[in-house]
Amino acid sequence: KMQPSGRHYVVVRPLFSEDSFAEQHERINRTRKTLRHHLKDYFTCDTNRAKNAARSLLPIIGWIKNYNIKEWLLGDIVSGISTGLVAVLQGLAFSLLASLPPGYGLYTAFFPAIIYFFLGTSRHLSVGAFPILSLMVGAVVTRLVPDGGPPANITGFEGLSMEQQRVLVASSVTFVMGAFQLIMGMLQVGFIVMYLSETLVSGFTTAAAVHILVSQLRFVLGLDFPGVNGPLAIVYTLENVFSDITNTNVADLVTSIVIMALVLIVKEINDRFKSKLPVPIPIEVIVVGIITEYDSKIYNFLIKLHHFIYESPIAPNLEVIKESAVEAFPMAIVGFAVAFSVAKVYSVKHDYTIDGNQELLAFGVSNMFGASFRSFAASTALSRTAIQESTGGKTQIAGVLSAMMVLIVIVAVGFLLEPLPRSVLGALVIVNLKGMLMQFRELPFLWKNDRTDFQCIQLEQKLFTVVCRTQFPRCSLLANITGTDIYRDRKDYNSIYEPEGVKIFKIPSPIFFANIDFFRDKLVQAVGFSPLKVLKKRNKALRKIRKMLRNGELEISDVRQPSTDTSEDNNSMEGLDQPIDFSGIPIQVNWNTELPANISVPPVNIHSLVLDFSAVSFLDISALKGLKATLKEFLRIEVDVYIVSCDVYIMEKLHQCSFFDDEIKTSIFYPTLHDAMLHILEKHPDHGELEKVFTVICNGLTVN
């Protein structure tokens, strides 16, 4: 029992060892489930589990029945058209990276997107070609079917042209990549993406962007030499470029420079004025339209394109699979990791959940299906997904409409795109690398604040680091052992004291990129509500109250009139995660009472949350960002947060990384858990369970 006494406290208890403590406080023997019980529960089937399994395997069942045609359809149509135009150009451009003719990039933008529509859990992901995956496919293609020299000795290559051989290699490696993703999804190993930290993914994509940039120089300069892959490919490519630089095609170079400058300028305009533009300016489409306007190679390509469309599906080549399986596995990991990371950003923004295991299944089936129709590896591109979301896309209806746009291009107007110079496509590839290349700006920050992350540029190094740490710690809620200043797992003891409205949460491990999401999920589970959802609900409720006051639907006497500002969009998701703003509300809102007009807000039954950091030995940059976001979510819904027993070096790092601001202050940190609890009881008295004095008795002596 506790009693605050000014700025001091006294505890009375004997000196405990673990043995003597166990003698006085009998531990509850809890029955734990064995592996057999877990397997039995997992494989037990009933009607509800069957329905849930169907919804899990076909997520479209869950969201299509709730589809709001009136509010969402127009946005999905606009988004689908806008995204489809970009997907066409990116598909054509990224085909160069895969060392394939441009038309096959259109297949990658069509077939996988159709399957993802039924199986994917993200509502905003734009499925199609991704430059890094295209480059990885191209490495396999040029290794087995090089530009200069005979192809590999593979059964099935006989009688095929070089182009057909390359298409067979690309589709086969894509098929086995999809098979790896499908198997991982069936084995429920979606958590594997947690081993790829934000820093590692950024480093990998930035390095790959440099490779892609160098590989496109030969097209931009109009040079004719075979592509190079493997170790030191950048060095050999640059050697070839500088050796042949005198043969530069000036027309191609000037065209590329003009296109890159124009596209970059218009993209910057799109970014700066996105709130004022109804849709982004499709500059890539405009550029390609201008260039193809003056070309006459139409009829022959039309016949060739229809020949492509009506070709029958192809089976993967087993010998190619044997030759490329080692390269296909990292492709499966990278493709999934990038797509999942992008999907998670938009799922958090729009408040819905995505399932990592189902995403593996969706991409696995999508890639296997697409490979049967000559497409190459599919994932997503951040720029394309950003367009799909920013132009009003609400569901994968926009994704399937963008695929339909690609189909229209393939069948109706694709012939116009065949004569595009490779310098134009190369310029478009380079422009689309802007986002990844800008990640170089993060290197000084990482070097200064987290050199371990800076140095881990190889996947094996990072995995070794993660294996040496813990990813799934046993988090627990603590309670005070009655009559002591000791806190233990509340499930293990009977003689415990838990002040009303207080939760004490302990994570017994370091917090880092691989377990920060696990930590946040366990914390939400422990307190019984999601602070972010509560915050969004409260802000949405205030918007509705303001609207009702403006429209006269809610009358309040003897108070000042509410603001007449009508600029606020009640249906917009923007700003719902910001601090609660009571401006324009002439009354005090009590969230624990009934609100007008049946407005419902999730209840919050705690006023204080204590995080025990006594076992947290380090925080990395990814975890620091996640922790800061979590603390702000609780503080913004009026839940006081305290961090106790934090290591002094962690405190130093928090200061270095600008962790503290107007919302998160150093005053929330306490040296011990008991200090924090006494402060809380002083601030929120619990009159039913108080005791006047705490004294620690040590060898017969009282210590104050």
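The backbone N, Cα and C atoms fix where each Cβ goes, glycine too.
TrEMBL does not curate its annotations; it predicts them automatically.
Remember, it's a predicted structure, so these values are computed and weren't measured experimentally.
Checking the ranges 166-187, 606-627 against TrEMBL, the transmembrane segment annotation falls on 166-187. Note on the transmembrane segment (127-146): residues 87, 90-91, 94-95, 97-100, 105, 108-109, 112-113, 116, 120, 152, 154, 162, 165-166, 169-170, 173-174, 204-205, 208-209, 211-212, 215, 226-227, 229-230, 320, 323-324, 327, 330-331, 334-335, 338-339, 363, 366, 376-381, 384, 399, 429, 432-433, 436 of its chain, located 6 or more positions outside it, place their CB under 8 angstroms from a CB of the stretch. Across the domain 'STAS' (492-680), the prediction's mean pLDDT works out to 84.
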